[in-house]
Amino acid sequence: MNIKTIVINWHITESCNYKCKYCFAKWNRVKEIWTNPDNVRKILENLKSIRLEDCLFTQKRLNIVGGEPILQQERLWQVIKMAHEMDFEISIITNGSHLEYICPFVHLISQVGVSIDSFDHKTNVRIGRECNGKTISFQQLKEKLEELRTLNPGLNIKINTVVNEYNFNEILVDRMAELKIDKWKILRQLPFDGKEGISDFKFNTFLFNNLKEEKMPKKDPLSNFLAAFSAPQKQNNVIFVEDNDVMTESYLMIAPDGRLFQNGHKEYEYSHPLTEISIDEALEEINFDQEKFNNRYENYATEEAKYRMEEFFLMNEYEDVSFDCCCPFGDKD
């Protein structure tokens, strides 16, 4: 398996100013080890030695996740500074409510991922993506992203959208195209903590309305054409889809207390803390599917999701069904 970058997701904090109803980043307020710089250094030094069987990579990327990691700006800066000094590529996932907080050090970040499920205020309130009744609007997000790009012209922008019972009818693809993002990841809500996921109908309805790669602007049309010509599975796609099966046991994740953890079961499975054992030993204590990991960064899973959607709506049985049309009941905003 040849991949350029291995990505490790460190959920450094559980604290968040939103209360998303489907959130899986719950650890019942465990001790967060990033409050101690020595622990942060131990974790990062441990991660530097990561090796995966039959997997070659040239770069390690630390993806800082929460909770909402941006809320504790100074502490976040200390982690980023330390990771940068150890030659990690650095990315971050945020709900976007305080993107301005990372402006002083965004030049050290290669990718900012923003979790956006809707641009409709009422929908976001129903989901729990609000703080004291305030939600982020499309125009606010656009302006914040433009400011970050001004400070770091090479910054990649990714949007993560979780398809759930409140937003499955919305058409977001045109707004995403207007933002000129580098990647749009569409994820299916995971069953977790006694909460059910969403039905095949709802997930496939969202895909039918939004899985339209042709609408997304490309940074480099020529390289995209050449990649598509030589290897269709590696073309420069912007939209990536992750169904529940693709999302399970395919991420390398660290909990706030420093343990590797893995999904795919009714409860998380954990390793011993990375402050106590090596990363190799920790990987032996959890299930991690390297093939799934690799496939998430290609578009195999996306093509499969598209095929399943077409099959679900019996589109392959009728030649006159056009995948390019939009359902009439989408978001009007």
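Positions of Cβ are set from backbone N, Cα and C atoms, glycine also.
Cβ neighbour count for C20 ([4Fe-4S] cluster binding site): 19 (other Cβ atoms within 10 Å of its Cβ, all protein chains included). Look at Swiss-Prot and you will find C16, C20, C23 tagged as [4Fe-4S] cluster binding site.
If you look up Swiss-Prot, you'll see 1-239 marked as domain 'Radical SAM core', on the strength of sequence analysis.
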Handout entry: Per DSSP, three-state class assigned to C16 ([4Fe-4S] cluster binding site)
Key = coil
Problem - Those residues of the chain, 6+ apart, with a Cβ under 8 Å from that of C23 ([4Fe-4S] cluster binding site) - result: C16, G128
